[in-house]
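Copied over from Swiss-Prot, here are the features:
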- THR11, ALA12, GLY13, ARG164, SER194, GLN289: UDP-N-acetyl-alpha-D-glucosamine binding site (BINDING)
Amino acid sequence: MKKIVLTGGGTAGHVTPNIALLPSLKEAGYEVFYIGSYTGIEKTLIEDLGIPYYGISSGKLRRYRSLKNLSDPFRVLHGLFQAKRLMKKIKPDIVFSKGGFVSVPVVLAAGSRHIPVIIHESDMTPGLANKIAMRKATKICCNFPETLKYLPEGKAVLTGSPIRQELLLGNKAAGLDLCNFTTDKPIILVVGGSTGAVHVNDAVRSILPELLKDFQVVHLCGKGKMDDSLNGTPGYVQFEYISEQMRDLFAISSIVISRAGANAICELLALKKPNLLIPLSANASRGDQILNANSFKEHGYSMVLTEEDMNKDTLLAAVRKLYADRHQYIINMEKSEQQDSIDKIMNLIKDNSK
């Protein structure tokens, strides 16, 4: 039986594509191991699935000045030694990395032992972690055609992003029961990402009285970001994070308000869910979500509202227009050619395993 190490973490977007590959990996006869951080969201998500999980030390790679820039390199170095020991212990035939800071020592450790590495880059332009790791990569998968020009020729492969197939199997009755909603009003799903989005959360809450006149709202706020004063509000329910029943929430939703992380928007595309994207601002990120959102807007898959332009009036108007035009967005998404990502990635894994 061949062995594969999966790595990636920090946010759910660096984990869910790995989870999406699990059924196909098991069907192909791979023994799966996961290397992540000690306390990241990946630990909870992977251990809940019964996959052998190994935590290592990791430090954030920053582009800005911070006192932690003095200590984090030592954490990365410690993580590298830990990852090397794990490579020696597990002896994987291949490593698949979804990125995030914890993946860097894992990829470097694999490269030092001449273990094939496949990296997946979901965003339009490579993040810092993948920029460092791609030097050791055998192949680099990407999500957008525009990304190919940023990747080494001969290594880059356009695959799209793997989507958890169970998301396509949502149960409307289960979703309505979870939220205690009815079928009397359409439902808006608000997704701030696994770590939450304070600006999006606050903006949605500011127009909640108006929204609830015409819609029901299910709000995924992020850990520690719920507003207890809103508990019990008719037509509104909030959760920190939902994993297994996410498919049921998608099933009941007419439209979705979301950040523009690459994996999140690819799930919306696969589900053909009309969506309003509010990308993380360039001031708070490297601007990758803005690029992702604009690409989907140009293809007619999404409406986009920037944080800078977002206020009560613009957000409410955007939601109403999105709902009014929802059928056209569905038609546009049905024409998309971004599919079969899992099959493409599995072929790369099989072809490049030792």
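Cβ atoms are placed via backbone N, Cα and C, with glycine included.
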Mind giving me a neighbour count for ARG164 (UDP-N-acetyl-alpha-D-glucosamine binding site)? Other Cβ atoms within 10 Å of its Cβ, every protein chain shown.
21
Using a 10 Å cut-off, grab the number of neighbouring Cβ atoms around the Cβ of ALA12 (UDP-N-acetyl-alpha-D-glucosamine binding site), all chains included.
22
If you count Cβ atoms within 10 Å of each one, which of the binding-site residues THR11, GLN289 comes out on top?
GLN289
